[in-house]
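> Below is a structure I'd like to ask you about.
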Amino acid sequence: MTKLDWLVLIATITLIVVYGIWKGRRNRDMQDYLLASRSLPWYIVCLSIMGTQASAITFLSAPGQAYGDGMRFVQFYFGLPLAMVVLSITAVPIYHKLHVYTAYEYLESRFDLKTRTLAATLFLIQRGISTGVSIYAPAIVLSSILGWSVQWTCVLNGILVLLYTVSGGTKAVSYTQLTQMIIILSGMAVAGFLTVQLLPPDITFADALRVAGKADKLNVIDLKFDPNNQYNIWSGLIGGFFLSLSYFGADQSQVGRYLSGSSVTQSRLGLLMNGIVKIPMQFGILFIGAMVFVFYLFVQPPLFFNHIELDALHDHGYTQQVNTLQYQQDSLFKIQQHDLRTLIQAMRDNKGVVEAEQKFHTTRSQMQQVRTQVTNLIKQDKKVEKVEDTNYVFLSFVTRFLPSGLVGLLIAIVLLASMSSVAGALNSLTSTTIIDVYKRILCPDLSEARYLTASRWITVGWGVFSIVVALYAGQLGNLLEAVNRLGSLFYGVILGIFLCAFYIRRIRSYAVFYGAILAQITVFLLYWLTPIAFLWYNVIGCILVIIFAFPIELFQKKAEVLQESETVIE
Amino acid sequence: MLTIRDNDTTNELPPFLNTWPRMYSFVLLNLVALILLFYWFTKAFE
């Protein structure tokens, strides 16, 4: 990093932290601190929703995912607009009307305290862990670039977020998210433009698209139905719909965002606008990854994008094997260059495309085999089952090839995205802990001032917990998938509870509570014992709650009737 | 325990497209248009 990069990075981060502290300086009570006095307009609600969802993981992993697996990941978001519409019609007016702070408060009025506490606890476990992952993601960026230890980087990142989240609450979080998203989207647009500009001068944008297509990187839509395939249109529409319904309807990190809207209209508009812009935004980020792939067809990529792992191989006595693989890659890359040029010419002339494509694919698969051998060496060295460098692809590209100043900005973007989602998550963890546990169960009769102070300390507590989780997050592989996989294990059950609450009036508290516990156990068992793609757990968990709750409700009713008749006889 | 808000704004109209059903339809049509566009994109560069 140059001095200019450092200047841009420090200036951007300082600006956001100071702005956050300044914006949230006037918190008088819990309504101010947890919901920004329910005063925000729709565009802030929308960007705050997007900022909470799009963490650093989104900007680190997604381009890397497109580099390796193509753009099919975008299908994951197809269910989101459908969920935005359903929630705007159902959940938003109910939450506003009941004047709740958290989604789980509603469950007590519909069912009972234990169901409310169960849902809040599932949320706290899931969100607490995934917030740690969100802190870890940019820590690997900074540790790789600055040579800092991942541990200290996690601590620094966590403290930066805590600085304004603790003092400013929701208002600070939402207003900084607005600024953060503007900087992030502008920076990514510039990065995408420059990636295309960095291609050789004789390669047109159309050539780049055709090559990426031939390498199966522009595979946005996959119509084939396969429950074991993570990303196809069906898992995206159905699984993604249930996941989004649960994430936006029953996860306080999102419910808290739109509850801060000044009216039902402002909250609804925030959600609906998110439904309109989220998919194009994700497409754009993945497209950058596809273009980075094309770039690395013309410029030789490293054997493994995480250079720290490669250095470790040298240090641990694998130098000879690494050098042999490097030599193989050098030779194959030259052959691939030739095959690639032949393929591009064939596509331009529309002549001999099939043969050229075959040759290109043969060399590509040989290159891929070399990469697999490197990965196997690293696995052998580290004695682990899974090693990935997806999270390092975009970062490695940015630092090596983008101009001075922009590198600093993009690193700031990764940090900002992390801060944005972590701040939203910490805020929601605080809301749930203070409203659903502390105020409701532990200390019900304190003054507003005491609750405000407790909220600040709880934010600090969750911040420290997330940092501790971040220190162990490195063992999770692809972070984007890890977070979504973890969410899917819990979201289905939470959604099932809320669907019973909203739509199935005949199911009462006893049935939904034990139905949810049985469903959660079944989801865990299925996850350990079957290869079902994780998105489907959102559907399975939700349906299982309803399936279990119905017979329990019937037994309960029969037992009540029996008891009543016995009472009458007595 | 939970209170109903006095300033209930559930029936307020959206600032764009005049009615909520139109707003919802717009979001869903946008999704359909994106899927069709992506399908064309996938097929065009397959």
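Cβ coordinates are placed from backbone N, Cα and C, and glycine is handled just like the others.
Summarising the annotation, TrEMBL assigns transmembrane segment to A:6-22, A:74-96, A:117-139, A:145-166, A:178-199, A:231-250, A:271-299, A:406-430, A:451-474, A:486-504, A:511-529, A:535-555 (among others).
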> Short question: which residues 6 or more past the ends of the transmembrane segment (A:406-430) have a Cβ under 8 Å from it?
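Same-chain contacts beyond the ends: 1-2, 4-9, 12-13, 16, 20, 34, 48, 51-56, 58-60, 124, 127-128, 130-131, 134-135, 137-138, 141-142, 145, 157-158, 160-162, 164-165, 169-170, 172-173, 176-177, 180-181, 183-184, 187-188, 190-191, 194, 251-257, 395, 398-399, 455, 458-459, 462-463, 466.
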> Under 8 Å, at least 3 Cβ pairs, sequence separation 6 or more: does that hold for the transmembrane segment (A:511-529) versus the transmembrane segment (A:74-96)?
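With fewer than 3 qualifying Cβ pairs, these stretches do not touch.
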> Determine whether the transmembrane segment (A:117-139) and the transmembrane segment (A:271-299) share at least three Cβ pairs under 8 Å, counting only pairs 6 or more apart in sequence.
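Contact criterion not met.
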> Given the transmembrane segment (A:451-474), which of the listed stretches A:6-22, A:74-96, A:145-166, A:231-250, A:271-299 has the most Cβ pairs that are under 8 Å apart from it?
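Between the candidates A:6-22, A:74-96, A:145-166, A:231-250, A:271-299, the best contact partner of the transmembrane segment (A:451-474) is A:145-166.
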> With the transmembrane segment (A:231-250) as the reference, which stretch in A:6-22, A:74-96, A:145-166 has the largest tally of C-beta pairs below 8 Å?
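By the under-8 Å Cβ criterion, the transmembrane segment (A:231-250) pairs most with A:74-96.
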> Considering pairs 6 or more residues apart, do the transmembrane segment (A:178-199) and the transmembrane segment (A:6-22) have at least three CB pairs under 8 Å?
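Counting Cβ pairs under 8 Å (6 or more apart in sequence), the transmembrane segment (A:178-199) reaches the transmembrane segment (A:6-22), since there are 3 or more.
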> Restricting to CB pairs under 8 Å, which listed stretch, A:6-22, A:145-166, A:271-299, is in contact most with the transmembrane segment (A:74-96)?
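Of the candidates A:6-22, A:145-166, A:271-299, A:271-299 scores highest.
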> Using a Cβ cut-off under 8 Å, which residues of the same chain at least 6 positions beyond either end of the transmembrane segment (A:6-22) come close to it?
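Tertiary neighbours of the transmembrane segment (A:6-22) are 160, 163-165, 167-168, 172-173, 175-176, 179-180, 183, 405, 408-409, 411-412, 415-416, 419, 423.
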> If we skip the immediate neighbours and take only residues 6+ beyond the ends of the transmembrane segment (A:145-166), which ones have a Cβ under 8 Å from one of its Cβ atoms?
1, 13, 16-17, 20-21, 24, 135-136, 138-139, 172-173, 176, 395, 399, 411, 415, 418-419, 422-423, 426-427, 456, 459-460, 463-464, 466-467, 470-471, 474
